[in-house]
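Colleague: If you scroll down you'll find the structure; I have some questions about it.
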Amino acid sequence: MTEKVAVLLGGTSAEREVSLLSGQAVLAGLKEAGINAHAVDTRDFPVTTLKEEGFTNVFIALHGRGGEDGTLQGVLEFLGLPYTGSGVMASALTMDKLRTKQVWQAVGLPVSPYVALDRRQYLDTEANTLLAQFTHLGLPLIVKPSREGSSVGMSKVNTLSDLPAALEEAFRHDDDVLVEKWLSGPEYTVAILGDEVLPSIRIQPAGTFYDYEAKYLSDDTQYFCPSGLSDEQEQALAALAMAAYRAVDCSGWGRVDFMLDSDDAFYLLEVNTSPGMTSHSLVPMAARQRGLTFSQLVVKILELAG
């Protein structure tokens, strides 16, 4: 049977616009390699008919809910279509930052101190009692929805008086929210391709933190690859990335994000099971450092589909 690849993009999540950019870049890379690939916007096209339309493989370029949360992966498993990235369980788990942290904690991997809060607790708890839950974390804080990507709904809190507004913003996007200790050091990210850990990247946003604008819109964010770590630090970070990736049963490809705190210790932030593939994206940057062109990278990811 002749290979016909569906590049799933767009969708209906808060990350739709980024997904459209990722998907078009992936599509161009696959076509450059001579692969019969077609863009499929899951907002408009029923994925249940992919097999009927003659597709034999799926490259998932969707971000956020409905694309990397296990839902789509379950449908593709049912259809018997090979797809890129992690399976149902790993996709569902890593979409939820709280549950991912809990798994990492259980196996002894480093995560920043945090408090989890659900909407019911938030609505039922008196304001002063609510604020008292977070005092042991110190200031500043970072507030984020548990199940959003691309820093959607995320806020930095410098004083406790700013916390209610930050919680309101996070609860606009999810019923579960994380309030974490602010880590003051630089952010690093490590891409994984099959069983290979790619070189780390150090991220230096122009603003307060690596938010949506810094990730996708700003040309002022600086990226360093090589990241400037010593060989010993690079090896330790690579080992930590792979341990975190395997602890949540990821496969195929992905990206693990870290913060380096003022105590020179790395803390895990999250795993991305369907990382961005835009002109600002990090996995292609790390792959270039290993000598892979963008087209070679997307072909390799497709070859890892299961």
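Here the Cβ of each residue, glycine as well, is placed from N, Cα and C on the backbone.
What Swiss-Prot shows for this protein is this:
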type	residues	note
BINDING	134-189	ATP binding site
BINDING	Asp257, Glu270	Mg(2+) 1 binding site
BINDING	Glu270, Asn272	Mg(2+) 2 binding site
DOMAIN	101-303	domain 'ATP-grasp'
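On this model, are these features tucked inside or out on the surface, and what's nearby?
Modeller: Reduced to three states, the DSSP call for Phe134 (ATP binding site) is coil.
Counting every protein chain shown, 21 other Cβ atoms lie within 10 Å of the Cβ of Glu270 (Mg(2+) 1 binding site).
DSSP assigns Glu270 (Mg(2+) 1 binding site) to a strand segment in the three-state reduction.
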Colleague: So of all those binding-site residues, Leu141, Glu148, Glu169, which one's Cα sits nearest to Glu270 (Mg(2+) 1 binding site)?
Modeller: Glu148
Colleague: Including all protein chains displayed, how many Cβ atoms other than that of Asp162 (ATP binding site) lie within 10 Å of its Cβ?
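Modeller: If we count other Cβ atoms within 10 Å of Asp162 (ATP binding site), we arrive at 16.
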Colleague: Suppose we draw a 10 Å sphere around the Cβ of Leu141 (ATP binding site). How many other Cβ atoms does it contain, all chains included?
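Modeller: Counting Cβ neighbours of Leu141 (ATP binding site) within 10 Å gives 23.
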Colleague: In angstrom units, rounded to an integer, how far apart are the Cα atoms of Asn272 (Mg(2+) 2 binding site) and Asp257 (Mg(2+) 1 binding site)?
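Modeller: Roughly 8 Å, rounded to the nearest whole number.
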